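Undergrad: Let me begin by handing over the structure; questions about it come next.
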Amino acid sequence: MVKQTIQIFVRVKPTKKPTSGYFVDCEEQGSSLEFVVPRDLADGFINNKRENYNFRFQKVFDQTANQEEIFETIAKPVADNVLAGYNGTIFAYGQTGSGKTFTITGGAEHYNDRGIIPRTLSYLYHHISKDSSMVYTTHISYLEIYNEAGYDLLNPQHEAYRLEDLPRVTIMEDSDQNIHLKNLSLLQSANEEEALDLLFLGDTNRMIAETPMNEASTRSHCIFTIHLCSKELGSATVRCSKLHLVDLAGSERVGKTGVGGQILTEAKYINLSLHYLEQVIIALSEKNRSHIPYRNSMMTSVLRDSLGGNCMTTMIATVSVEKRNIAESMSTCRFAQRVALIKNDALLNEELDPALLIVRLKKEIQSLKEELALVTGEQRSDKLNQEEIQQLEEQVNVYLEDPDNEVTLDLGPDMRKIHFCFFLLKVKVRERHSAQNGVSNGSSPPLKGMSDGEDRKPHDELQKLRDTVTHRDNEISILVSMLKREKRKVQDVTSQLAQLHNQNPSTCSSSRSPTALQAEESEKCDTSLDYTHAHHFITRKRVSELSVGKQTAFEVFLRDHEDRLTIEDNRAVLQQRFVEAKTLGEQVNQTRIRVNELKTQLKIRRKQMAAQVLTGNQTESESDSVEERILNQIEEQKKNYTITSGCLKGLRTEIEHLQLLREKSKVKLQRDFENWWIQEGARLQGHSAENTGSSLSHVSPLSCMLTRNNNPKGDDTDTQERRQRERDMRQRALPSADLSFTSIPLTGDKQTDAEIQAFIRARHNLLNCTET
Ligand code: ADP
Ligand code: MG
């Protein structure tokens, strides 16, 4: 058991302008973060008017700290413990916008910005692939908790437009008070690529489900869990550990009127489940508290082990040092100081593998049987034969009919016979009972014990051995049923996966060669400007499948979108990486060809030398400089090969990550577009209510686009609700579809009127072409 307090770290988010309100003091034994609050400012919200507030942490990461440093210092030691069989948890706590998601998951723009989750996955899979002495299995789950309800972020069969569309996860507690999460997908991921796909799927679901209405990301908690099992080859013990990577809800106190409304100092409240988390932390940090209120909220129930239980836990407090955020940052640091008092007892999670245990027990039974045969001097099978059964029946009859109460039934040291005789006696008692029509008052003579003078030692020994065998038999049947259950589980998961694969055949490709990757990518790059998100898990419609009108609207929207530059940058980086990967792939191939050539040369040379030895031109002991040179060259090429293929592998991981980032941006873009579209529709409705039968001057560009969108196939939403909403919008916008040259008042200005007419002509053409 490892006893350890929760480790606390703090990360300061970079500020745009230099700030002077804080100091970082680094010492050997931890470091501290100090806030300086001028007295006049302190008047407002701090009573004792101190100026300096000092908080100690294991380490303070100042603004310049990068993601690599965070991973190396915070996450790597936890990942190492998880590999060794201990549970681990890393959670980020801080106000909205302070960098929790950036720290845990990473930024969506650059490869270097990837956070703790992708880096930890990379680290774990790298270790797993290197360690051939153990067999590892990994599963992933991703849970979002919002308003005390759990949602499964990894369910690929659900199209989430709202969080409520995702499957609900519920908590169950067994008789040993262990928590089980019902409905939460636990998906196996054999390699880094598959795990990243799952992270992407979860993040996408999380992003899509988040709307300005629920602001899920600020008020919900997300728990990404890696379940790792490892087993030494041939050993019956399995180590199963869990690593929770937690992105908590924003810790800010908000006014009851909501983030957007007036925030009243006295009416501030914190997200309810964070409030319960605080209560648990306070209870744990106080001595002599027997009751810890874990059950008050779903989050504290799920993280029960991480808080004062079987887990090594680390907290990252994320703070912003801008003036307006100092109060919240100090409150975050205060919370961290409490957390640092909590002690956890991490246990090595070792269990016996039922299948291997059965094999081991069967062996043990076999050797016990052999031992038994040695003691009794006879080889026996599990069952009595016909002759023995007949003999025993006779013996029992003689025993029962003998009037002497002292008589014994001598069966020898054989449990099979003893059990059979008991069985016969029971049958006979029953028969007598039914013969007496249920009247029996213990009239049968009482059984007497064995005579004391008998030598019981060998018998006892034998009895013990037989008992052990029976015991083992029972264990085996229990284990066999456990095994069956496990098998059933595996089958269920396999069939789920098969279903998934059938629905999305593209997921089948797991390991792709650099050239295949490149071919695929060049295809993607060609179509990338249509900004679709055709990731295999997300089965939404492509933008290219949108109606002409909506597509045009999309282009307008895209032109001004803030993410456009990032997407284009990423695309350029990705293309550059592909070129690099292609060059490296070619180099690897060249090296391989060169090594093969050298090997052939070596063979030929050796044959030549052998021939020369045979003809006596050369002695065997003479070293051959040509051969040596070839060998050296092979060695050199091999080194080259290792280096180049290593680089290629790294590049491939980067490319995959960039592709996922790009897909994510596309999904975000489309979600933003959908929201914009609906908003514009609503705005338009307002306009058309104000100006029924209005002139062209009141029609916004989008309304024109909307009116073009009269093709039934142009409806690109899948939910009934959305379809209805769009239909309504189109109907509302339809009056303006009747616009003609005559219905438009011209301005009198030549150029303007010419433009208006050109616009109407273009619009007319467009309408015609969407109708056909
Ligand atoms: P939270 O999850 O706490 O609400 P985010 O992680 O979403 O906050 O961060 C808010 C914004 O600040 C994001 O745009 C993010 O990219 C940026 N950000 C946060 N921390 C950092 C950092 N250390 N370096 C660069 N950008 C950061
Ligand atoms: Mg966040």
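The backbone N, Cα and C atoms fix where each Cβ goes, glycine too.
Predicted automatically and left uncurated, TrEMBL annotations should be read as such.
In case it helps, TrEMBL gives these features for our protein:
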DOMAIN    5-342  domain 'Kinesin motor'
BINDING   Gly94, Gln95, Thr96, Gly97, Ser98, Gly99, Lys100, Thr101  ATP binding site
COMPBIAS  435-444  compositional bias 'Polar residues'
REGION    435-459  region 'Disordered'
REGION    706-746  region 'Disordered'
COMPBIAS  713-731  compositional bias 'Basic and acidic residues'
Undergrad: With DSSP assignments reduced to helix, strand and coil, which class does Thr101 (ATP binding site) get?
TA: helix
Undergrad: Indicate the candidate from Gly94, Gly97 with the smallest number of other Cβ atoms within 10 Å of its Cβ, considering only these binding-site residues.
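TA: Ranked by other Cβ atoms within 10 Å, the binding-site residues Gly94, Gly97 bottom out at Gly97.
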Undergrad: Starting from the Cβ centroid of Gly94, Gln95, Thr96, Gly97, Ser98, Gly99, Lys100, Thr101, which together make up the recorded ATP site, report each further residue of the same chain whose Cβ lies within 8 Å of that point, ordered by sequence.
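TA: After dropping the recorded site residues, what remains is Lys13, Ala92, Phe102, Gly250, Thr318, Ser320.
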Undergrad: Select, from Gly94, Thr96, Ser98, Thr101, each of the binding-site residues with a Cβ positioned under 6 A from at least one atom of ligand 2; if none does, say none.
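TA: With ligand 2 as the reference and 6 Å as the Cβ limit, the list reads Thr101.
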Undergrad: Given a 10 Å Cβ-Cβ cut-off, pick out the one of the binding-site residues Gln95, Thr96, Ser98, Thr101 that has the most other Cβ atoms nearby.
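TA: Neighbour-count leader: Ser98.
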Undergrad: Looking only at DSSP and grouping its letters into three states, which state does Gly94 (ATP binding site) belong to?
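TA: Where Gly94 (ATP binding site) sits, the three-state DSSP reduction gives strand.
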